[in-house]
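According to TrEMBL, the protein has these features:
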| type | residues | note |
| --- | --- | --- |
| DOMAIN | 5-461 | domain 'Major facilitator superfamily (MFS) profile' |
| TRANSMEM | 21-38 | transmembrane segment |
| TRANSMEM | 69-87 | transmembrane segment |
| TRANSMEM | 99-117 | transmembrane segment |
| TRANSMEM | 123-145 | transmembrane segment |
| TRANSMEM | 157-179 | transmembrane segment |
| TRANSMEM | 185-208 | transmembrane segment |
| TRANSMEM | 270-295 | transmembrane segment |
| TRANSMEM | 307-328 | transmembrane segment |
| TRANSMEM | 335-357 | transmembrane segment |
| TRANSMEM | 369-395 | transmembrane segment |
| TRANSMEM | 407-428 | transmembrane segment |
| TRANSMEM | 434-457 | transmembrane segment |
Amino acid sequence: MAGPMISSTANGPVFEAKTTFYVIVCGLLAATGGVTAMDDFLEKFFPAVYVRKHHVKENNYCKYNDKGLQLFTSSLYLAAIVASFFASKCCTKFGRRPTMGVASMFFLAGVVFNAAAQNLAMLIIGRLLLGLGVGFANQTVPLFLSEIAPPQIRGMLNILFQLMITIGILLAQILNYFMSSHHPWGWRLSLGGAGVPALILCFGSLLIPETPTSLIERGHLDQGKLVLQKIRGTDAVEAELGELVAASEAAKEMESPFKGLKRRESFPPLVVTVLIQVFQQFGGMNAIMFYAPVLFQTMGFKSDASLLSNLITGSVNCVATFVSSVLVDRAGRRALLLQASAQMFLCQVIMGSIMAVHLKDNNTLPEGMAMGVVVLICAFVAGFAWSWGPMGWLIPSEIFPIQTRNAGYFFGVSTNMICTFIIAQTYLSMLCSMRAGVFFFFASWIAVMGLFVAFLLPETKGVPIEEVKERVWKKHWFWKRYMTQDDEHPDKEVQL
(Lines of atoms letter the chains of each structure in order from A and count residues from 1; the text may use other names and numbers.)
(Lines give C-alpha, C1' and ligand atoms only; values in the text may rest on other atoms or scores of the structure.)
Protein backbone atom coordinates (compact mmCIF):
# COMPACT_ATOMS: atom_id res chain seq x y z
CA MET A 1 0.00 0.00 0.00
CA ALA A 2 1.38 3.39 -0.96
CA GLY A 3 1.55 6.41 1.30
CA PRO A 4 -1.10 9.13 1.48
CA MET A 5 -1.51 11.46 -1.46
CA ILE A 6 -2.81 15.00 -1.05
CA SER A 7 -4.43 17.03 -3.82
CA SER A 8 -2.15 20.05 -3.66
CA THR A 9 -3.89 23.13 -5.00
CA ALA A 10 -4.55 26.70 -4.03
CA ASN A 11 -7.74 26.85 -6.03
CA GLY A 12 -9.82 23.94 -4.77
CA PRO A 13 -10.45 21.62 -1.83
CA VAL A 14 -7.78 19.21 -0.69
CA PHE A 15 -8.79 15.53 -0.52
CA GLU A 16 -6.69 13.06 1.40
CA ALA A 17 -6.25 9.80 -0.48
CA LYS A 18 -3.88 6.87 -0.72
CA THR A 19 -3.05 4.88 -3.81
CA THR A 20 -4.31 1.66 -2.24
CA PHE A 21 -3.65 -1.83 -3.51
CA TYR A 22 -7.43 -2.23 -3.52
CA VAL A 23 -7.84 0.58 -6.08
CA ILE A 24 -5.14 -0.89 -8.33
CA VAL A 25 -6.76 -4.36 -8.21
CA CYS A 26 -10.17 -2.87 -8.98
CA GLY A 27 -8.65 -1.00 -11.89
CA LEU A 28 -6.96 -4.09 -13.27
CA LEU A 29 -10.10 -6.19 -13.02
CA ALA A 30 -12.30 -3.50 -14.56
CA ALA A 31 -9.82 -2.76 -17.33
CA THR A 32 -9.85 -6.33 -18.65
CA GLY A 33 -12.90 -5.30 -20.11
CA GLY A 34 -7.10 -10.24 -37.14
CA VAL A 35 -8.05 -13.45 -38.57
CA THR A 36 -8.72 -11.74 -41.93
CA ALA A 37 -5.35 -12.79 -43.34
CA MET A 38 -5.83 -16.53 -42.70
CA ASP A 39 -6.46 -18.50 -45.87
CA ASP A 40 -8.80 -21.04 -44.22
CA PHE A 41 -10.96 -18.23 -42.87
CA LEU A 42 -11.07 -16.38 -46.20
CA GLU A 43 -11.75 -19.54 -48.19
CA LYS A 44 -14.72 -20.53 -46.00
CA PHE A 45 -16.43 -17.16 -45.61
CA PHE A 46 -15.00 -14.88 -48.32
CA PRO A 47 -14.03 -17.11 -51.28
CA ALA A 48 -13.91 -14.21 -53.74
CA VAL A 49 -11.28 -12.48 -51.60
CA TYR A 50 -9.33 -15.74 -51.30
CA VAL A 51 -9.21 -16.10 -55.08
CA ARG A 52 -8.11 -12.47 -55.58
CA LYS A 53 -5.47 -12.79 -52.85
CA HIS A 54 -3.76 -15.62 -54.73
CA HIS A 55 -4.18 -14.09 -58.20
CA VAL A 56 -0.71 -12.79 -59.00
CA LYS A 57 -1.95 -10.05 -61.34
CA GLU A 58 -4.59 -8.73 -58.95
CA ASN A 59 -4.34 -5.02 -58.12
CA ASN A 60 -2.27 -4.54 -54.95
CA TYR A 61 -4.64 -1.97 -53.53
CA CYS A 62 -7.90 -3.76 -54.39
CA LYS A 63 -7.37 -7.48 -53.73
CA TYR A 64 -9.16 -7.27 -50.34
CA ASN A 65 -11.89 -4.84 -51.38
CA ASP A 66 -14.95 -6.85 -50.37
CA LYS A 67 -18.15 -5.48 -48.78
CA GLY A 68 -18.77 -8.69 -46.87
CA LEU A 69 -15.28 -8.67 -45.35
CA GLN A 70 -15.73 -5.04 -44.32
CA LEU A 71 -19.18 -5.81 -42.88
CA PHE A 72 -17.65 -8.63 -40.79
CA THR A 73 -15.26 -6.11 -39.23
CA SER A 74 -17.65 -3.16 -38.92
CA SER A 75 -20.85 -4.92 -37.79
CA LEU A 76 -19.51 -5.02 -34.24
CA TYR A 77 -19.63 -1.24 -34.04
CA LEU A 78 -23.22 -0.96 -35.25
CA ALA A 79 -24.32 -3.02 -32.26
CA ALA A 80 -22.04 -1.03 -29.95
CA ILE A 81 -23.77 2.22 -30.96
CA VAL A 82 -27.15 0.86 -29.85
CA ALA A 83 -25.73 -0.82 -26.75
CA SER A 84 -24.04 2.32 -25.45
CA PHE A 85 -27.42 4.07 -25.13
CA PHE A 86 -28.91 1.28 -23.03
CA ALA A 87 -25.66 0.99 -21.09
CA SER A 88 -25.87 4.66 -20.05
CA LYS A 89 -29.36 4.02 -18.69
CA CYS A 90 -28.22 0.84 -16.97
CA CYS A 91 -25.27 2.68 -15.38
CA THR A 92 -27.57 5.28 -13.88
CA LYS A 93 -30.30 2.93 -12.65
CA PHE A 94 -28.37 -0.15 -11.57
CA GLY A 95 -24.76 1.03 -11.18
CA ARG A 96 -21.41 0.57 -12.89
CA ARG A 97 -20.58 -2.92 -11.60
CA PRO A 98 -23.67 -4.81 -12.87
CA THR A 99 -23.37 -3.04 -16.23
CA MET A 100 -19.86 -4.48 -16.58
CA GLY A 101 -21.30 -7.90 -15.79
CA VAL A 102 -23.82 -7.51 -18.62
CA ALA A 103 -20.96 -6.60 -20.96
CA SER A 104 -19.14 -9.85 -20.12
CA MET A 105 -22.27 -11.92 -20.87
CA PHE A 106 -22.55 -10.39 -24.33
CA PHE A 107 -18.84 -11.00 -24.93
CA LEU A 108 -19.14 -14.69 -24.01
CA ALA A 109 -22.19 -15.20 -26.23
CA GLY A 110 -20.45 -13.52 -29.17
CA VAL A 111 -17.35 -15.67 -28.74
CA VAL A 112 -19.44 -18.85 -28.86
CA PHE A 113 -21.18 -17.82 -32.10
CA ASN A 114 -17.93 -16.76 -33.80
CA ALA A 115 -15.87 -19.78 -32.83
CA ALA A 116 -18.66 -22.17 -33.87
CA ALA A 117 -19.66 -20.27 -37.05
CA GLN A 118 -20.70 -22.43 -39.99
CA ASN A 119 -21.72 -19.58 -42.29
CA LEU A 120 -21.41 -15.83 -42.69
CA ALA A 121 -24.74 -15.23 -40.88
CA MET A 122 -23.45 -16.90 -37.68
CA LEU A 123 -20.24 -14.93 -38.00
CA ILE A 124 -22.12 -11.62 -38.24
CA ILE A 125 -24.44 -12.53 -35.32
CA GLY A 126 -21.38 -13.27 -33.21
CA ARG A 127 -19.85 -9.94 -34.13
CA LEU A 128 -23.10 -8.15 -33.26
CA LEU A 129 -23.15 -9.79 -29.82
CA LEU A 130 -19.52 -8.79 -29.30
CA GLY A 131 -20.55 -5.28 -30.32
CA LEU A 132 -23.18 -5.20 -27.58
CA GLY A 133 -20.44 -6.14 -25.14
CA VAL A 134 -18.16 -3.42 -26.48
CA GLY A 135 -20.93 -0.83 -26.12
CA PHE A 136 -21.64 -1.76 -22.51
CA ALA A 137 -17.95 -2.05 -21.54
CA ASN A 138 -16.81 1.18 -23.21
CA GLN A 139 -19.68 3.09 -21.63
CA THR A 140 -18.98 1.75 -18.14
CA VAL A 141 -15.33 0.90 -17.52
CA PRO A 142 -13.71 4.34 -18.04
CA LEU A 143 -16.40 5.94 -15.84
CA PHE A 144 -15.76 3.33 -13.15
CA LEU A 145 -12.02 3.93 -13.24
CA SER A 146 -12.32 7.72 -13.15
CA GLU A 147 -14.75 7.60 -10.22
CA ILE A 148 -12.64 5.34 -7.99
CA ALA A 149 -9.25 6.91 -8.74
CA PRO A 150 -7.58 9.67 -6.67
CA PRO A 151 -7.03 12.76 -8.87
CA GLN A 152 -3.24 12.31 -8.79
CA ILE A 153 -3.35 8.93 -10.55
CA ARG A 154 -6.68 9.14 -12.37
CA GLY A 155 -4.97 9.27 -15.74
CA MET A 156 -2.74 6.28 -15.02
CA LEU A 157 -5.57 4.15 -13.62
CA ASN A 158 -7.91 5.01 -16.48
CA ILE A 159 -5.26 4.14 -19.04
CA LEU A 160 -5.21 0.64 -17.54
CA PHE A 161 -8.41 0.21 -19.57
CA GLN A 162 -6.59 1.02 -22.79
CA LEU A 163 -3.53 -0.98 -21.69
CA MET A 164 -5.62 -4.10 -21.17
CA ILE A 165 -7.19 -3.56 -24.60
CA THR A 166 -3.74 -3.37 -26.20
CA ILE A 167 -2.61 -6.46 -24.29
CA GLY A 168 -5.72 -8.22 -25.58
CA ILE A 169 -4.89 -7.13 -29.13
CA LEU A 170 -1.32 -8.39 -28.72
CA LEU A 171 -2.47 -11.76 -27.36
CA ALA A 172 -4.92 -12.07 -30.26
CA GLN A 173 -2.11 -11.34 -32.72
CA ILE A 174 0.12 -13.94 -31.08
CA LEU A 175 -2.72 -16.45 -31.28
CA ASN A 176 -3.41 -15.57 -34.92
CA TYR A 177 0.25 -16.06 -35.81
CA PHE A 178 0.52 -19.52 -34.28
CA MET A 179 -2.95 -20.66 -35.34
CA SER A 180 -2.45 -19.65 -38.99
CA SER A 181 -0.55 -22.91 -39.59
CA HIS A 182 -3.24 -25.14 -38.05
CA HIS A 183 -5.54 -26.11 -40.89
CA PRO A 184 -8.46 -25.85 -41.31
CA TRP A 185 -9.63 -24.89 -37.80
CA GLY A 186 -6.94 -22.49 -36.58
CA TRP A 187 -9.14 -19.45 -37.12
CA ARG A 188 -11.77 -20.92 -34.73
CA LEU A 189 -9.26 -20.94 -31.88
CA SER A 190 -8.25 -17.39 -32.76
CA LEU A 191 -11.84 -16.16 -32.54
CA GLY A 192 -12.58 -18.30 -29.49
CA GLY A 193 -9.59 -16.89 -27.61
CA ALA A 194 -11.61 -13.75 -26.89
CA GLY A 195 -13.50 -15.79 -24.31
CA VAL A 196 -10.59 -15.59 -21.84
CA PRO A 197 -10.74 -11.82 -21.14
CA ALA A 198 -14.55 -12.06 -21.19
CA LEU A 199 -14.40 -14.60 -18.36
CA ILE A 200 -11.96 -12.41 -16.43
CA LEU A 201 -14.31 -9.42 -16.80
CA CYS A 202 -17.24 -11.61 -15.72
CA PHE A 203 -15.60 -12.80 -12.51
CA GLY A 204 -13.95 -9.44 -11.93
CA SER A 205 -17.32 -7.65 -11.95
CA LEU A 206 -18.34 -9.87 -9.02
CA LEU A 207 -15.26 -8.93 -6.96
CA ILE A 208 -14.99 -5.16 -7.40
CA PRO A 209 -17.16 -2.67 -5.46
CA GLU A 210 -19.67 -0.21 -6.83
CA THR A 211 -18.29 3.33 -7.12
CA PRO A 212 -19.11 5.82 -4.34
CA THR A 213 -20.53 8.19 -6.95
CA SER A 214 -23.00 5.59 -8.20
CA LEU A 215 -24.00 4.48 -4.69
CA ILE A 216 -24.66 8.05 -3.54
CA GLU A 217 -26.43 8.83 -6.81
CA ARG A 218 -28.83 5.94 -6.09
CA GLY A 219 -29.41 6.90 -2.44
CA HIS A 220 -26.98 4.54 -0.64
CA LEU A 221 -25.11 7.23 1.29
CA ASP A 222 -23.70 5.10 4.13
CA GLN A 223 -22.48 2.38 1.76
CA GLY A 224 -21.01 5.02 -0.51
CA LYS A 225 -19.06 6.49 2.42
CA LEU A 226 -17.68 3.08 3.40
CA VAL A 227 -16.53 2.33 -0.15
CA LEU A 228 -14.97 5.81 -0.43
CA GLN A 229 -13.03 5.21 2.79
CA LYS A 230 -11.88 1.84 1.51
CA ILE A 231 -10.64 3.00 -1.88
CA ARG A 232 -9.03 6.16 -0.44
CA GLY A 233 -7.36 4.24 2.40
CA THR A 234 -8.39 6.82 5.00
CA ASP A 235 -11.40 7.75 7.16
CA ALA A 236 -10.91 11.44 6.35
CA VAL A 237 -13.23 11.56 3.35
CA GLU A 238 -15.81 14.09 4.56
CA ALA A 239 -14.74 16.84 2.14
CA GLU A 240 -14.88 14.60 -0.92
CA LEU A 241 -18.07 12.93 0.31
CA GLY A 242 -19.68 16.34 0.72
CA GLU A 243 -18.90 17.25 -2.87
CA LEU A 244 -20.27 13.94 -4.14
CA VAL A 245 -23.48 14.39 -2.14
CA ALA A 246 -23.91 17.98 -3.37
CA ALA A 247 -23.34 16.92 -6.97
CA SER A 248 -25.79 14.06 -6.55
CA GLU A 249 -28.48 16.37 -5.15
CA ALA A 250 -27.96 18.74 -8.06
CA ALA A 251 -28.29 15.82 -10.46
CA LYS A 252 -31.61 14.78 -8.90
CA GLU A 253 -33.00 18.26 -9.49
CA MET A 254 -32.32 17.89 -13.19
CA GLU A 255 -35.30 16.50 -15.10
CA SER A 256 -33.15 14.46 -17.50
CA PRO A 257 -29.37 14.07 -17.94
CA PHE A 258 -29.83 14.24 -21.70
CA LYS A 259 -31.86 17.44 -21.38
CA GLY A 260 -29.12 18.76 -19.12
CA LEU A 261 -26.71 18.53 -22.06
CA LYS A 262 -28.66 21.37 -23.72
CA ARG A 263 -27.58 23.80 -21.01
CA ARG A 264 -24.80 26.24 -21.86
CA GLU A 265 -22.40 24.81 -19.29
CA SER A 266 -22.65 21.39 -20.96
CA PHE A 267 -21.67 22.66 -24.39
CA PRO A 268 -17.85 22.73 -23.92
CA PRO A 269 -17.43 19.18 -22.53
CA LEU A 270 -19.91 17.80 -25.06
CA VAL A 271 -18.15 19.39 -28.04
CA VAL A 272 -14.71 18.33 -26.80
CA THR A 273 -15.91 14.77 -26.16
CA VAL A 274 -17.46 14.36 -29.61
CA LEU A 275 -14.50 15.89 -31.44
CA ILE A 276 -11.97 13.75 -29.57
CA GLN A 277 -13.82 10.61 -30.67
CA VAL A 278 -13.99 11.77 -34.29
CA PHE A 279 -10.29 12.61 -34.32
CA GLN A 280 -9.32 9.36 -32.60
CA GLN A 281 -10.79 7.36 -35.47
CA PHE A 282 -10.02 9.62 -38.43
CA GLY A 283 -6.34 9.77 -37.54
CA GLY A 284 -6.05 6.37 -39.22
CA MET A 285 -5.04 4.12 -36.32
CA ASN A 286 -7.93 1.68 -36.52
CA ALA A 287 -7.58 1.47 -40.28
CA ILE A 288 -4.03 0.23 -39.73
CA MET A 289 -4.84 -2.08 -36.80
CA PHE A 290 -7.96 -3.59 -38.41
CA TYR A 291 -6.24 -4.48 -41.63
CA ALA A 292 -2.53 -4.55 -40.79
CA PRO A 293 -2.07 -8.11 -42.15
CA VAL A 294 -3.90 -7.05 -45.31
CA LEU A 295 -1.78 -3.91 -45.60
CA PHE A 296 1.45 -5.84 -45.14
CA GLN A 297 0.41 -8.36 -47.79
CA THR A 298 -0.37 -5.47 -50.11
CA MET A 299 3.29 -4.46 -49.71
CA GLY A 300 4.42 -7.97 -50.67
CA PHE A 301 4.79 -9.81 -47.35
CA LYS A 302 3.65 -13.44 -47.30
CA SER A 303 0.70 -14.45 -45.11
CA ASP A 304 2.75 -15.62 -42.11
CA ALA A 305 5.19 -12.73 -42.49
CA SER A 306 2.34 -10.20 -42.50
CA LEU A 307 0.93 -11.71 -39.31
CA LEU A 308 4.41 -11.53 -37.76
CA SER A 309 4.76 -7.88 -38.76
CA ASN A 310 1.34 -7.30 -37.25
CA LEU A 311 2.62 -8.93 -34.06
CA ILE A 312 5.45 -6.41 -33.96
CA THR A 313 3.06 -3.45 -34.23
CA GLY A 314 0.90 -5.00 -31.51
CA SER A 315 3.91 -5.17 -29.20
CA VAL A 316 4.72 -1.54 -29.92
CA ASN A 317 1.09 -0.63 -29.21
CA CYS A 318 1.25 -2.38 -25.85
CA VAL A 319 4.57 -0.88 -24.72
CA ALA A 320 3.60 2.65 -25.81
CA THR A 321 0.30 2.45 -23.91
CA PHE A 322 2.27 1.53 -20.79
CA VAL A 323 4.48 4.56 -21.41
CA SER A 324 1.34 6.68 -21.53
CA SER A 325 0.17 5.35 -18.16
CA VAL A 326 3.49 6.46 -16.65
CA LEU A 327 3.59 9.91 -18.26
CA VAL A 328 -0.03 11.05 -18.35
CA ASP A 329 -0.19 12.32 -14.76
CA ARG A 330 3.29 13.87 -15.03
CA ALA A 331 3.49 15.44 -18.48
CA GLY A 332 -0.26 16.01 -18.77
CA ARG A 333 -2.81 15.22 -21.45
CA ARG A 334 -2.08 18.11 -23.82
CA ALA A 335 1.69 17.54 -24.03
CA LEU A 336 1.26 13.90 -25.05
CA LEU A 337 -1.40 14.73 -27.61
CA LEU A 338 0.57 17.57 -29.22
CA GLN A 339 3.79 15.57 -29.48
CA ALA A 340 2.00 12.54 -30.90
CA SER A 341 0.05 14.59 -33.45
CA ALA A 342 3.33 15.81 -34.97
CA GLN A 343 4.79 12.30 -34.95
CA MET A 344 1.70 10.69 -36.50
CA PHE A 345 1.43 13.39 -39.17
CA LEU A 346 5.02 12.85 -40.33
CA CYS A 347 4.58 9.06 -40.37
CA GLN A 348 1.46 9.22 -42.54
CA VAL A 349 3.01 11.68 -45.00
CA ILE A 350 6.24 9.66 -45.37
CA MET A 351 4.35 6.34 -45.69
CA GLY A 352 2.07 7.83 -48.32
CA SER A 353 5.02 9.20 -50.26
CA ILE A 354 6.83 5.84 -50.26
CA MET A 355 3.71 3.95 -51.34
CA ALA A 356 2.90 6.49 -54.05
CA VAL A 357 6.36 6.33 -55.59
CA HIS A 358 7.30 2.69 -55.15
CA LEU A 359 4.10 0.58 -54.86
CA LYS A 360 2.24 0.30 -58.16
CA ASP A 361 -0.80 -1.82 -58.92
CA ASN A 362 0.99 -5.10 -59.59
CA ASN A 363 4.47 -4.94 -58.05
CA THR A 364 5.80 -5.38 -54.52
CA LEU A 365 7.87 -2.96 -52.48
CA PRO A 366 11.63 -3.57 -52.40
CA GLU A 367 12.54 -5.34 -49.16
CA GLY A 368 14.29 -2.32 -47.67
CA MET A 369 11.38 -0.02 -48.49
CA ALA A 370 8.86 -2.49 -47.06
CA MET A 371 10.77 -2.73 -43.79
CA GLY A 372 10.97 1.04 -43.71
CA VAL A 373 7.18 1.24 -43.95
CA VAL A 374 6.89 -1.28 -41.09
CA VAL A 375 9.13 0.97 -38.96
CA LEU A 376 6.98 3.99 -39.85
CA ILE A 377 3.82 2.07 -38.97
CA CYS A 378 5.39 1.17 -35.61
CA ALA A 379 6.27 4.83 -34.99
CA PHE A 380 2.73 5.85 -35.92
CA VAL A 381 1.23 3.19 -33.64
CA ALA A 382 3.50 4.27 -30.76
CA GLY A 383 2.44 7.90 -31.12
CA PHE A 384 -1.22 6.99 -31.12
CA ALA A 385 -0.89 4.52 -28.25
CA TRP A 386 0.61 7.02 -25.81
CA SER A 387 -1.81 9.78 -26.78
CA TRP A 388 -5.03 9.67 -28.77
CA GLY A 389 -5.77 6.03 -27.94
CA PRO A 390 -6.00 6.31 -24.15
CA MET A 391 -6.86 10.04 -24.04
CA GLY A 392 -9.91 9.39 -26.19
CA TRP A 393 -11.42 7.50 -23.26
CA LEU A 394 -9.74 9.29 -20.34
CA ILE A 395 -10.61 12.92 -21.11
CA PRO A 396 -14.36 12.45 -21.77
CA SER A 397 -14.67 10.46 -18.53
CA GLU A 398 -13.30 13.32 -16.42
CA ILE A 399 -14.76 16.54 -17.88
CA PHE A 400 -18.52 16.13 -17.20
CA PRO A 401 -20.20 16.86 -13.85
CA ILE A 402 -22.14 14.02 -12.25
CA GLN A 403 -25.45 15.50 -13.48
CA THR A 404 -24.65 14.79 -17.11
CA ARG A 405 -21.74 12.36 -16.88
CA ASN A 406 -23.50 9.21 -18.13
CA ALA A 407 -25.40 11.06 -20.85
CA GLY A 408 -22.34 12.98 -22.01
CA TYR A 409 -20.16 9.91 -22.04
CA PHE A 410 -22.84 8.10 -24.06
CA PHE A 411 -22.38 10.66 -26.83
CA GLY A 412 -18.65 10.05 -26.69
CA VAL A 413 -18.97 6.26 -26.93
CA SER A 414 -21.62 6.35 -29.65
CA THR A 415 -19.63 8.88 -31.70
CA ASN A 416 -16.58 6.66 -31.40
CA MET A 417 -18.53 3.60 -32.54
CA ILE A 418 -20.11 5.45 -35.48
CA CYS A 419 -16.72 6.71 -36.67
CA THR A 420 -15.12 3.30 -36.14
CA PHE A 421 -17.90 1.72 -38.19
CA ILE A 422 -17.37 4.22 -40.99
CA ILE A 423 -13.61 3.55 -41.09
CA ALA A 424 -14.01 -0.24 -40.84
CA GLN A 425 -16.68 -0.30 -43.54
CA THR A 426 -14.89 1.99 -46.00
CA TYR A 427 -11.13 1.63 -45.50
CA LEU A 428 -10.54 -1.22 -47.97
CA SER A 429 -12.65 0.56 -50.57
CA MET A 430 -10.75 3.79 -49.90
CA LEU A 431 -7.45 1.94 -50.28
CA CYS A 432 -8.66 0.57 -53.61
CA SER A 433 -9.87 3.90 -54.99
CA MET A 434 -7.40 6.36 -53.41
CA ARG A 435 -4.30 4.11 -53.46
CA ALA A 436 -1.52 5.80 -51.46
CA GLY A 437 -3.68 8.92 -51.20
CA VAL A 438 -5.45 7.32 -48.24
CA PHE A 439 -2.37 8.07 -46.10
CA PHE A 440 -2.53 11.76 -47.01
CA PHE A 441 -6.25 11.73 -46.21
CA PHE A 442 -5.49 10.63 -42.65
CA ALA A 443 -2.54 13.05 -42.42
CA SER A 444 -4.86 16.00 -43.14
CA TRP A 445 -7.10 14.93 -40.27
CA ILE A 446 -4.10 14.67 -37.93
CA ALA A 447 -3.11 18.26 -38.77
CA VAL A 448 -6.58 19.42 -37.69
CA MET A 449 -6.29 17.27 -34.54
CA GLY A 450 -3.11 19.04 -33.51
CA LEU A 451 -4.69 22.48 -33.96
CA PHE A 452 -7.70 21.38 -31.90
CA VAL A 453 -5.45 20.37 -29.00
CA ALA A 454 -3.35 23.54 -29.22
CA PHE A 455 -6.28 25.95 -29.06
CA LEU A 456 -9.39 24.24 -27.70
CA LEU A 457 -8.41 21.39 -25.37
CA PRO A 458 -7.86 22.39 -21.70
CA GLU A 459 -5.56 20.50 -19.32
CA THR A 460 -7.24 18.31 -16.67
CA LYS A 461 -4.16 16.76 -15.04
CA GLY A 462 -4.55 16.43 -11.26
CA VAL A 463 -7.92 18.23 -11.12
CA PRO A 464 -10.65 16.48 -9.06
CA ILE A 465 -13.57 15.57 -11.31
CA GLU A 466 -16.09 17.67 -9.38
CA GLU A 467 -13.78 20.72 -9.65
CA VAL A 468 -13.29 20.62 -13.44
CA LYS A 469 -15.93 23.26 -14.12
CA GLU A 470 -14.43 25.81 -11.71
CA ARG A 471 -10.76 25.13 -12.35
CA VAL A 472 -10.73 24.18 -16.02
CA TRP A 473 -13.71 25.36 -18.07
CA LYS A 474 -14.14 28.74 -16.31
CA LYS A 475 -10.47 29.56 -16.91
CA HIS A 476 -10.16 28.53 -20.56
CA TRP A 477 -9.79 31.44 -22.98
CA PHE A 478 -12.58 30.23 -25.25
CA TRP A 479 -14.88 27.96 -23.24
CA LYS A 480 -15.21 30.27 -20.22
CA ARG A 481 -17.83 32.36 -22.03
CA TYR A 482 -20.29 29.46 -21.74
CA MET A 483 -19.65 29.09 -18.03
CA THR A 484 -19.97 32.73 -16.92
CA GLN A 485 -23.21 33.21 -18.84
CA ASP A 486 -24.55 29.93 -17.50
CA ASP A 487 -24.06 31.13 -13.90
CA GLU A 488 -26.16 34.18 -14.69
CA HIS A 489 -28.80 32.15 -16.56
CA PRO A 490 -28.46 28.55 -15.28
CA ASP A 491 -31.38 27.16 -17.26
CA LYS A 492 -30.51 28.81 -20.57
CA GLU A 493 -29.98 26.36 -23.40
CA VAL A 494 -27.32 26.56 -26.08
CA GLN A 495 -28.49 28.19 -29.29
CA LEU A 496 -26.55 26.88 -32.26
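Note: Cβ is positioned from N, Cα and C throughout, glycine not excepted.
Curation does not apply to TrEMBL; its annotations are automatic.
Beyond the transmembrane segment (407-428), the same-chain residues lying 6 or more positions past its ends with a Cβ under 8 Å from any Cβ of the stretch are 64-66, 69-71, 73-74, 77-78, 80-81, 84-85, 87-88, 131, 134-135, 138-139, 142-143, 256-258, 260-261, 266, 269-270, 273-274, 276-278, 280-282, 286-287, 290-291, 294, 392, 396-397, 400, 438. Long-range contacts of the transmembrane segment (434-457) within the same chain, counting only residues at least 6 positions beyond its ends with a Cβ under 8 Å from a Cβ of the stretch, are 61, 272, 275-276, 279, 282-284, 287, 333-334, 337-338, 341-342, 344-345, 348-349, 351-353, 355-356, 359, 388, 395, 427, 478-479. The transmembrane segment (69-87) shares the most Cβ pairs under 8 Å with 123-145, out of the stretches 123-145, 185-208, 307-328, 335-357. Summed and averaged per residue, pLDDT over the domain 'Major facilitator superfamily (MFS) profile' (5-461) gives 80.
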